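Some features that Swiss-Prot has for this protein:
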- 16, 17, 18, 19, 20, 21, 22, 23, 42, 134: ATP binding site (BINDING)
- 110: active site, nucleophile (ACT_SITE)
- 110-209: disulfide bond (DISULFID)
- 135: site 'Interaction with tRNA' (SITE)
- 209: active site, cysteine persulfide intermediate (ACT_SITE)
- 352: site 'Interaction with tRNA' (SITE)
């Protein structure tokens, strides 16, 4: 198996190496295809739990794994310290979003800032013609004769990471390559084993690499302790049903952990961070008719997401990485960039991404943005 990335043999390519099997196989395939590969690993954080914890990324043992893999492949390897940058741009942003009552996606923010901005600059400084990553997403030239690449879902739906890469710009996509986009994970592991790489059976990294044991509140409490300030759990009808231990413990659609004794099932339908209130209500209160976007990104035919909204562009909108896209349209409503669903979506959370795909070509990513607000079918304004 060889990596076809549309560059002449001998071209220099920087491979972003996290120490995991995907990025290692990416580097190995490129080297075997005759490219001048330079491996680069970013040290992003360093807490004690990350040194030996399975599923960590870009710290401790992972850096050693990347270095040993580069030696095995026979390519130069550099480690760059981006810990302070990562803390400022990703970890602190993550904590601040929860303080605002949002549910952030740090992987998207990391791709936006550290990986696809800072690391791309490093790759260019090293004289590279492209940078390759181990993401499961496809970069392809359009079939209509266009000269700009498209971002597309991975061939393996179970591993598709297009949701997390919606903010990739046209300029970044010109420079990026994703050799694993057409492969599935068993094939990648088989390639790693065939190459004699010691990380062939290494566990996949966790979604939030800097959160020890999956307890994100541990990180927030350490750097933003005010997030643990108690407040009221309030029903939509105004009744105070109980107390909570901090708004950072909750997300829209959550049912467990409310610690309230009521007969009917209740869900978190709104978080009023200013008043430290967690608002709960019936499931139907989660149904969302439309949402507004911020920090939009666009790869479609129009020049911008706003222009597409003015055109009433039809889209398939995906509001969680675990959900399939649903039909809707872009619109400008009261000056706000909006997505209006044909039906209704449940549990749409501010801070998450809304990723837009092409209804005529559902694997093609058109762009997206972060969810700034929602309009529910049930009026929540009283809460």
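Just so you know, glycine gets a Cβ as well, placed from its N, Cα and C.
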- Message: Going by Cα-Cα distance, which of the recorded positions (18, 42, 209, 352) sits nearest to residue 135 (site 'Interaction with tRNA')?
- Response: 18
- Message: Going by DSSP, is residue 22 (ATP binding site) sitting in a helix, a strand, or coil?
- Response: helix
- Which value in Å gives the longest Cα to Cα span across the ATP site residues 16, 17, 18, 19, 20, 21, 22, 23, 42, 134 as recorded? 16
- Query: Do any residues at least six apart in sequence from residue 352 (site 'Interaction with tRNA'), in the same chain, have a Cβ closer than 8 Å to its Cβ, and if so which, in order?
  - Reply: 103, 104, 105, 319, 320, 370, 371
- Message: Whole-number answer please: how many Å between the C-alpha atoms of residue 22 (ATP binding site) and residue 209 (disulfide bond)?
- Response: 15
- So of all those recorded positions, 16, 20, 209, which one's Cα sits nearest to residue 110 (active site, nucleophile)? 209
- Note on the structure: If you measure between the CA atoms of residue 20 (ATP binding site) and residue 209 (disulfide bond) and round to the nearest Å, you get 12
